[in-house]
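What follows is a short report on a single structure.
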Amino acid sequence: MATVEAIKLHKRYHDFVALDDVTLRAESGQLVTLLGPSGCGKSTTLRCLAGFLDPEGGDITLDGESILKLPSNRRGFGVVFQNYALFPHMTVAENIGYGLRLQKCPKPDMARRVGEAVDLVRLNGLEDRLPRQISGGQQQRVALARALVMKPRLLLLDEPLANLDARLRDEVRWLIRDLQQQSGITAFYVTHDQSEAMAMSDMVAVMKAGRVAQFATPREIYQKPVERYVADFTGEANFLACQSVAEQGSGQYRIEAGGTVLTVAGVQGLNGRAELLVRPETLRLAAPDEAADFNGRIVKCAFVGASQLCEIALPDGGTLKLTAAPNTPVHVGDAAAVVMDRAQAWLMPEVAP
Amino acid sequence: MSAAGATFGSGRSVGLGFSLLIVALYVFLLMPLVTIVGASFTSGLMIEFPPQGFSLQWYQEFLSRKDLVDGLLMSLRVAAITAVVTTVIAVMAALAGQAMAGRMAGWFHLGMTLPLLVPELLTAVGLLFFLYKIGLGKTVLGLQFGHILMAFPYAYVSITAALRQVPPSLEEASSSMGATGWQTFRLVILPLVMPGVAMGAIFAFINSFDLYTISLLLKPIGGNTLPLALFDFLTYEFKPTAAAAATLSILLSLVGVVLVQRLVGLQRAF
Ligand SMILES: Nc1ncnc2c1ncn2[C@@H]1O[C@H](COP(=O)(O)OP(=O)(O)O)[C@@H](O)[C@H]1O
Ligand SMILES: [Mg+2]
């Protein structure tokens, strides 16, 4: 449908810099997620895209043409708000038909399109209810239908699932992804939930204090983060400090971490101190005669049903979290030998330069 | 909610004392009303409470007094115009205030409610000079001007309070679907703030209907509003005719309130 680019956006609120050089790109039909903790500038970015805010610097383009000068009511973008922003005095059908009514869409045509949208989000039978007479999940689907019925060039969603309980969240998440893919609409999606971001997105932008820390595919964000912040925000992680690393060929390093010397992949051009990222699921307790990568002592363990969560202290002061099979005998204080999938370890700087 | 319930439920004596306080408050608030309405039906010759017997003679007398009836009609006309004009201006002002940010909004709000802070008499004197300067001294238009000025803050405050209840995201949602500012106002904002607008109009009407000092100084030559006419009347004759006039104006105000509420009640609000 449309390729959308945000180029070097800058936005200030008085002296507070909310966006600093934010560059993003959504190819036609892609869903791009803005992921980051509260206050990092996700909503500000989205509001600039929607035209509710004017950035002080940078540009926003749609298929290569700047749309910065277009006011929000002429951008033709669909927006889904965290609080849904349904019109409380209009019925479900009136809410969904609002944009068509503004376009002076003929009555029968409008009724048909509203009907299709109602089918799409499975709200049949609720057309004549007011927003306060339906549940939160249903309100969310009205908001979605209201945005989609306009066949927008770009769909913008600001934490659309934040106010739903866990079960509904799952359901609506897949509904959003399905509808977005069926209609091929380009979309930006804001969330602070990493699993939501991973599962739905073609691309993820991890934001950090008004900047984009990393913009890449979910797999790359998770497995090859550019700095500790990104690794931390995208899932459970162990970090082992490495005092001095030297590159051996492009992106390959020979390091010492947790009392073991290893060769691992990592961010290019590192030297001096670095951090080794080891995801818990790439670790396991060694079988009796197996060669171990790390040797340490169990300092914590907890049985959680499907597995046991263990924390292992290493001789150099580092710790490793990992999960063990539910019936493996593990006790606090025991020695533990740990095997790592070396291909999945990743070396990166504490803070990207 | 449970905390409040616990406080009220924690001991009979508190509950009883509280109820008595409420009753006392109601008596205090309603006493003048009851007295005046009661006195208007007396068959005696004095304003007194409890009334003696029952008759409608003082209503008859009121309707036959041209000065009082003229005063009533003038008050009604001025109050109606005040209500309409004030409400329209106050809606515009409240929207402007809403669009401002931070400190600016604070100053604007203060400015709009300033007539509440200045004593009515001073406003009246100031206005009198001003109106003479622009050639409107002692005219109906000048009087109207004064009434609108005095009623404005009430309407403004009521409408501003209603506007604050409308989440800004509704405007943004409307705009993102292609609405112009005017369309958003007419289709989204106005229906939602209608109860506040109606309250503003009612406040403006009642305030104008009640105004004394301003009217006294600004009244046109040969014209009187009802409060002025009643005061003149009471200076010479302490007859229940005044009570009948007061009762009638209370009734008219009530009709106005109910009418506006009916109109608004038909709207679907929150
Ligand atoms: N209207 C505003 N005025 C001043 N500061 C604001 C305003 N809106 C947002 N901010 C600040 O800008 C930062 C980014 O906000 P936002 O984009 O809403 O973050 P996010 O959506 O990632 O939680 C926050 O620190 C917030 O306090
Ligand atoms: Mg936000």
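Note that Cβ sites are derived from N, Cα and C of the backbone, with glycine treated the same way.
What TrEMBL records for B:20-41 (among others) is transmembrane segment.
For the transmembrane segment (B:72-95), the residues of the chain that approach it from at least six positions outside its boundaries are 112, 140, 143-144, 147-148, 151-152, 155-156, 158-160, 163, 185, 189, 193, 197, 200-202, 204-209, 223-227, 229, 245, 248-249, 252, judged by C-beta separation under 8 angstroms. As annotated by TrEMBL, transmembrane segment applies to B:72-95 (among others).
The domain 'ABC transmembrane type-1' annotation in TrEMBL covers B:72-260.
What TrEMBL records for B:107-132 (among others) is transmembrane segment.
The transmembrane segment annotation in TrEMBL covers B:144-163 (among others). Non-local neighbours of the transmembrane segment (B:144-163) in the same chain are 78-79, 81-83, 85-87, 89-91, 93-95, 97-98, 109, 112-116, 120, 123-124, 127, 131, 136, 189, 192-193, 195-197, 199-201, 203-205, 207-208, 211, 214-215, 218; each lies 6+ residues outside the stretch with a CB under 8 Å from one of its CB atoms.
The annotation transmembrane segment is assigned in TrEMBL to B:184-206 (among others).
The transmembrane segment feature in TrEMBL is assigned to B:242-264 (among others).
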Non-local residues, at least 6 beyond the ends, that sit with Cβ under 8 Å of the transmembrane segment (B:184-206): 79-80, 82-84, 86-87, 90-91, 95, 151-152, 154-156, 158-159, 161-163, 165-166, 170-171, 174-175, 253, 256-257, 260-261, 263-264, 267-270
